[in-house]
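The block underneath contains the structure these notes are about, expressed in structure tokens.
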Amino acid sequence: MSYQLIDGKQIAKEIRAELKEEVSQLAEEGLKPGLAVILVGNNPASETYVRSKIRASEEIGIHSRLIRMEETVQEEELLNQVKELNEDPAIHGILVQLPLPAHIDPDKVIATISPSKDVDGFSPVNMGKMMIGQNGLLPCTPYGIMQLFKRTGISLEGKHAVVVGRSNIVGKPMAMLLQQANATVTLCHSKTADLAHHTRQADILVAAVGRGEMITKEFVKPGAVVIDVGMNRNEAGKLVGDVNFEEVAPVCSAITPVPGGVGPMTVAMLMKNTVTAAKKLWQRAK
Ligand code: GUN
């Protein structure tokens, strides 16, 4: 079977181009969106993600501020930094890169970010709004995946979507958004019995487990759409997804590659959320 390669890199590029255009119009009206990124410690993966977020901001014309804090920073100091940014009129988006060191409670940090500046969409207020279908800021990765469906013309209505992974960042919000788009959703996780039985029912399969290439062809129904959220290093140090691409691609109708699938969309939607937050805050201040 021939499959469609869902080109997240290209779609993300189009979204960034649209945003760049919008940001230049906003500049004429006197608004320059601003994003603050807080990076605690020097986890190499976090360094890479943060760098791509800052680079995307610069390319689009979003003002960006990178705030680095020592691995040993006290929780209170981090909370005070967030509170300061909550009050800063030049900053419309605040992102604290995860994971945080073990002595810091991420829930407390996330809950301190003003919901109107929470461009990751992780705060209890934005999560709650999503749950009841109200307009808020959406978590970037699931939001980006919904854009992939929209912009490649993959319909969700009446489809059986199976999400593997129940993280707050991806799995749970993904299940919610798919359901709101009229898919029937099954949410699987590490304790699911006979996982392959469930995933083989999927018209749409979203893999967000964090285990390199664990989704082999036995997990996939022929003709399914497969979305791979994984970012893992294999023994050879190569970046691989949660899906065994070589094996799975020939049996599905469409699939995202790693790299170049979901990853670039996460960054693009962060930019989109920053522009959305800036416009809302600006309207409110008028
Ligand atoms: N760590 C891994 N993914 C993410 C993300 O989307 N946002 C933040 N803040 N940290 C992350």
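Just so you know, glycine gets a Cβ as well, placed from its N, Cα and C.
These features come from TrEMBL:
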- G165, R166, S167: NADP(+) binding site (BINDING)
- 6-120: domain 'Tetrahydrofolate dehydrogenase/cyclohydrolase catalytic' (DOMAIN)
- 139-280: domain 'Tetrahydrofolate dehydrogenase/cyclohydrolase NAD(P)-binding' (DOMAIN)
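Residues near S167 (NADP(+) binding site) in space but far in sequence (CB under 8 A, at least 6 apart, same chain), listed by position: A208. Note on the domain 'Tetrahydrofolate dehydrogenase/cyclohydrolase catalytic' (6-120): DSSP counts are 61 helix, 19 strand, 35 coil.
The number of other CB atoms found within 10 A of the CB of G165 (NADP(+) binding site), across every protein chain shown, is 23.
R166 (NADP(+) binding site) carries neither a helix nor a strand DSSP state and counts as coil. The Cβ of R166 (NADP(+) binding site) lies under 8 Å from the Cβ of K172, A175, L187, H189, each of these being in the same chain and 6 or more residues away along the sequence.
Within 8 Å of the Cβ centroid of the NADP(+) site, not counting the listed residues G165, R166, S167, the chain contributes V163, V164, N168, I169, V170, G171, K172, H189, A208, V209.
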